[in-house]
Structures are given as C-alpha cells and as structure tokens.
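Presented below is the structure to which this report refers.
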Amino acid sequence: MGSQETNLAPHVLIFPLPIQGHVNSMLRLAELLCLAELDITFIVSEFSHSRLIKHTNVASRFARYPGFQFQPISDGLPDDHPRAGERVMDILPSTKNVTGPLFKQMMVENKCFSSATRRPITCIIADGVLSFAGDFAQEKGIPLIYFRTVSACSFWACFCMPELIESGDIPIKGNGMDLIVKSVPGMETFLRRRDLPGFCRVNDINEPKLQILKTETRQTTRAQAAILNTFEDLEGPILSQIRKHMPRLFTIGPSHSHLTSRLETKNIKTLISSGSFWEEDRSCVDWLDAQPPRSVLYVSFGSITVVTRDQLLEFWYGLVNSGQRFLWVMRPDSIMGKDGQSQIPADLEEGTKARGYMVGWAPQEEVLNHPAIGGFLTHSGWNSTLESIVAGVPMICWPYFADQMINSRFVSEIWKIGLDMKDTCDRETIVKMVRELMEIRKDEFLQRADHMAKLAKEAVSEGGSSYSNLDGLVDYIKSLII
C-alpha cells in the first residue's frame, strides 16, 4: 500500500434491495457514515435513482458529502412494472439474475471503485436479502456486513424457519391460525401462526417465496457483522437470541432520529431526509395546522400495499362512520386493477369533506410529528413503525405482508402502543378500533407511546445504546483497513 493510500478514508459500498423502504433505511445509514467521514459508494437501481432525483432533495442532501457517490444499476425490471402489491416480489429473482452479474462486472471493471482519491472498497454493507453481493464479497475476500432492514423480531422468526417447518407450523394452510407457535425462542407465549411473516402463508414448503426467505435469512451468519435498525430497549430480549448466532450485531436505530441527533451534534442544518419515490403533497400540513391537538388519525399503508375496491370502501366507511378527523394517504397505484376508477358513493365524499383530507403521498415523518396527530392507521412496515414510535403516536395495525405481520403483534401485545387489526377489513371493526384508539383508551395509549418515544430518543443521544453502537460500527470498519 502506498503512503498516499494510507491516508485515505475507509471506503464502504452500500447495496440495498431496490424498493423504497430498503433504499430509505440504507440511505440514512450512508449519511450517518458520511458524517463519520467515510467514503461511500451507494449502489442504486436506475428506477429508484430517477424517482429519488425527481421527488426528493437527495441531490442537495448528499452534495455536502464529497465522499459520497451514487452508482446506478439496472434492477432487471421494465420501467412500467408496478413494483407494488404481490408483484413487488418479482424484484428478488430479477436482482439475482440481472443485477447480480451486472454488479460483479461493474466491480471488476471499476477496480472496486478505487481512484487517486479513493481507496478500493474496504467492506460491503449489503441488504440482508442480496446473497449474491455476499457471494462476491467472499469470492474477492472483501469483508461483508449485512444490514437487515426489518425488525429484530421479524428477522429472528425468519431465522427460525427450519424449526418452524420441522414443528409443522409452516406451511400455514389457513387452519389453526391462532395456535401459539413454540419454536421461536423468546416468543413462545404470544406468537400465533397468523403473526408469522406473510411469506409463510403458503400450501407447500417448496413455494419459491418461502425458500428464498429461508435461504437468504440463514446465510446472514456468514457476514463478519450485521446491522439492525432498532434499539436495545425496544427489542432487547430478541436481540439476545440473535447474538447467540451473530455476536457482532450493531443496533443503530431508529435511524431517522439517529441521523437528526448526529446532525444536531455537528451543528449541521437538518434537511428533511425524505426518500420518497412519490411526490409529496404538502397541502396536508396546512390542513393539519387547522386541527385540534391529537385529534387526527393519520392513515397510510406505505409504498407497496394495494387494496381492492371493496377493502377501500370498508376503510372509507369505517373512517367516516367513526366520527374522527382523518388524513388519508392514497397512492395513485394503491387500488387493485381498474377498481379505483369506479364512482365513489356520495355519502363518503360528504363525510370526507366534513372531517377528512386525502392526498396521494405525504411527508410522513413531518406529519407524524405534527401536534394534531393522535393516531396512525398503518400497514406496520418497519420504517413506519419506528417513525410512529419516535413521534409518540399510537397505532392501529393492518399488516399487508412480509414482516408486517409480526411487527403488528409486537405493537399490540409486547409494547402495548396500539391495536392489531390483521386479517380483518370490515367497517364495524374499523369504527370500533378507531374509537378505542382515539377516544376510549386514548390517554392510556398516548402515555405508553410517549414513554417509548423517550426510550427511542435516549438510544440515539450521546451515550445511548444506538449512538455507542454506531461509533462501534465506524471503529470496526476502520479496523478492516489492511
């Protein structure tokens, strides 16, 4: 190694699965590492990159970090592919079969992105479901760190999949959904079959989705280290189980508030770090400004969930009939097929005008922190769950698929900061749950949510567990320089 290279910063390659929630989490990690003066090459799909440039401040946000660079790559899907609903799973075989070979070629041709001012890749931080990135790292002798963008509880349940199959809990065929699952250590008293990750709801253990999940999760242990976007006070008992298999585990979350904390520590102006693939309609913030404190239920099912027209109408009637104010995010592509083009009943339109507001996409972090928000009807995606926890906002959980099923169980049964409405979509239940959250048990839920928000803030403040773990991660990466 030349003396010039000796003085160069560590160079980290970060590679997320190209869907919004994963890209968002790993962009925040990238910025946290930039603040520690590490060089970052961020692999991003061409589709994701174009959406980020069009709809967010990502260009100006990272312009202040000269050591950061995007490296676009194809995700193998046509631009008009929906990348939502069940079809979002198409991204896994596509990235493996198309992106994988392109990535390998890119790394070889670019000499691991080294230059006169940038050392070759020090380590690869890959999304935990991109095993081909791990294969390349092992082949080239590059240290590998996996970032799992899901909750610790979801990762651990997936890790225990061989035991779940052996015990007969998987595949879930529709019967016995409320039976307690005994083969996930640490969850033996409260985890039901219906709470297992959505990919477990298959008729055959050879189902490709199930096999991908099983394979990708178990291979995580080959990495030298792993990162989770969570914090010790939230998932400590489950983290203890994971550390038996992966002792070098860095919990650095909630990453969005951790980033804010670090920027404030360095007296850097905080830019709202949206990673949205859709244009945000900020008119909803003006509407919230005119509402009483803690009076509005925020409704958003994330970047992937799609609903049928029947489900849409049940939610809509439930919200209107509850008598509560609501702000509802309805993505343009969130209604299945042509269902969304049908006529909306007049009574729903009138009820919405009186107490509701609807937008195609919202600045969620800002909305959840608005004083008018009193509850969050959510799909229980992990980023949304953490954002709600940080904001001290109780939740009604209507999980759609994947890790969301188990997240919603923890929200209701373990953390007790909300209600679980999974596998139900009728207006009477929605009315009942909305009133329970926003009226009947409002003070109880707000008190618990406020306590959890304080724990989250402590974790990312100087001396907190996540703050210390990020410092430890940076030190570990620096130690990898040969």
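Every residue, even glycine, has its Cβ placed from backbone N, Cα and C.
Remember, it's a predicted structure, so these values are computed and weren't measured experimentally.
Residues or ranges marked as active site, proton acceptor by Swiss-Prot: His22. The Cβ neighbour count for His22 (active site, proton acceptor), using a 10 Å radius over every protein chain in view, is 25. In the three-state DSSP reading, His22 (active site, proton acceptor) counts as helix.
Here Swiss-Prot flags His22, Ala402 as anthocyanidin binding site, drawing on similarity to another entry.
Positions annotated as active site, charge relay by Swiss-Prot: Asp127. Here Asp127 (active site, charge relay) comes close to Phe15, Pro16, Leu17, His22, Met26, Ala133, Tyr146, Phe147, Arg148, Thr149: these same-chain residues lie at least six apart in sequence, with C-beta atoms under 8 angstroms from its C-beta.
Packing around Thr149 (UDP-alpha-D-glucose binding site) is summarised by its Cβ count: 27 other Cβ atoms lie within 10 angstroms of its Cβ, all protein chains included. According to Swiss-Prot, the feature UDP-alpha-D-glucose binding site maps to Thr149, Ala362, Gln364, His379, Trp382, Asn383, Ser384, Glu387, Asp403, Gln404, an assignment based on similarity to another entry.
In this record, UDP-alpha-D-glucose is bound by Thr149, Ala362, Gln364, His379, Trp382, Asn383, Ser384, Glu387, Asp403, Gln404; the longest C-alpha to C-alpha distance in that set is 23 Å.
In this structure, the C-alpha atom of Gln364 (UDP-alpha-D-glucose binding site) lies 21 angstrom from that of Ala402 (anthocyanidin binding site). Separation of the C-alpha atoms of Trp382 (UDP-alpha-D-glucose binding site) and Ala402 (anthocyanidin binding site): 10 Å, rounded to the nearest whole number. Looking at Ser384 (UDP-alpha-D-glucose binding site) and Ala402 (anthocyanidin binding site), their Cα atoms lie 14 Å from each other.
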